[in-house]
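Peer 1: As annotated by TrEMBL, active site, charge relay system applies to Asp179, His216, Ser384. For 170-395, the entry in TrEMBL reads domain 'Peptidase S8/S53'.
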Amino acid sequence: MPINDLASGDDRRRVVEQVELVREDHGAERVAWDSELPEDFHYLYDPDVLLVRSTDRARVDEVLDVLNGSGDFDGTVTDADLPLDDSGRDPLPIVRVLLPGRVDGDPRRVPLALDALDARGVNDTEVVATPNHWVHLCGPGNTRLCPASEPSETGLDKPWPAVASDAGLGGGVRVSVVDSGWHAAAGQPLGPTPWLEDVDGDDEQNVALLRPYAGHGTFIAGVVRCLAPGTTVYVERFLTGTGAMLETDMVAQLRQALAREPHLINLSAGAVTRRNHPLLSFEAFWEQDLSQTPNCLLVAAAGNDATAAPLWPAAFDWALGVGSLDRDGHVSRFSNHGPSADVYALGRNLVNAYPDGTYVCHETPDTGDVRVFDRGMARWSGTSFAAPVVVGLIAAEPGADADVFAARDAVLARAGTAIDPLGSPVPALFPPYT
């Protein structure tokens, strides 16, 4: 669903700014989009490779035969295994198909190659070939590649949602937050955010001038700990300063996270995809890893594009996708809906832990605004922060460490009803929570 002519100029400028940030961080040659103008993109992708299922080698050979027989390329199309990750697990059944330049010089090698494969029926019965999509906090789409807002200063000295009075809630439950990393100063018992004491994670390496998405994972960990103070939380760092990563690299990080034997994984990131097909890397991760891991649930943000187009992985039936509510219980205007949102929870104007420092806004209409954080907290909005509300509620459910899926079902059974932008009734977990 490309941006239409009614989209605001601010939205279009914002998309251009966000795409440029990703290109600056990862290299302009590694980031491509599926439209003439970057502000009209549906998905971002690696312009050099296709991902192809390798469960059946004959399907890989079929892809190579079609592309090499097309006469479109100035060299031989070949395949290569995915780089080994550090998880110690068996390699995923996916190969990279490496595309040389096209004879006609057209830079759209990936979408044109996939069009050729579709024309030959290669993806008819099963999607075996896709781009390697860029996945982003949360989440890629037509109007924003980011949370629904940039962090804002707060005059509050307490979090919202508040810290639960029962410090034992969530005891025995392990949560992995796969995100931007951990700001260790937030865990000081005598500091402004003592509910994060004993949380651990990969160092986010913040400096006084805060980069985009700094504190994102720490904020999420704080939301979980407010609702389930007894949980063991580890914040993984997979993101760069622009909050983007190729789907294959993100899955490698998720596979490493499984080594900590979490009961719940919070992933406040996602991607829209070519023809809305599921992310191939995540399908393989589910089939080979997560489905074989007992008592582990992935909770994912539904995205902030105000659309019903699926955002992956939230749209998978094996993930629990979370949309955003305002404090008055209405579905937030920015929240995705439809298949990406299985349930809705508070996602607007949450207050929680954030690094002290100076933040310069980089998104229209606030570009250049300077925000100074000196209270150890911030106010932030997005489905990124609705997801950990649900993680915290599930973790706080009695017996969640023994059966996280029963805990999920118990929480969802308490949901009320909201109305989504399509006029459909949807399950909603209304505040207050503590």
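Just so you know, glycine gets a Cβ as well, placed from its N, Cα and C.
Could you place the listed features in the three-dimensional structure?
Peer 2: For Ser384 (active site, charge relay system), the count of additional Cβ atoms within 10 Å of its Cβ stands at 35 [all protein chains shown].
Taken as a whole, the domain 'Peptidase S8/S53' (170-395) shows an average pLDDT of 96 in this prediction.
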Peer 1: Between His216 (active site, charge relay system) and Asp179 (active site, charge relay system), how many Å separate their Cα atoms?
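Peer 2: Cα-Cα, rounded: 7 Å.
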Peer 1: Could you check what DSSP calls Asp179 (active site, charge relay system) once collapsed to helix, strand or coil?
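Peer 2: Looking at the DSSP assignment, Asp179 (active site, charge relay system) belongs to a strand.
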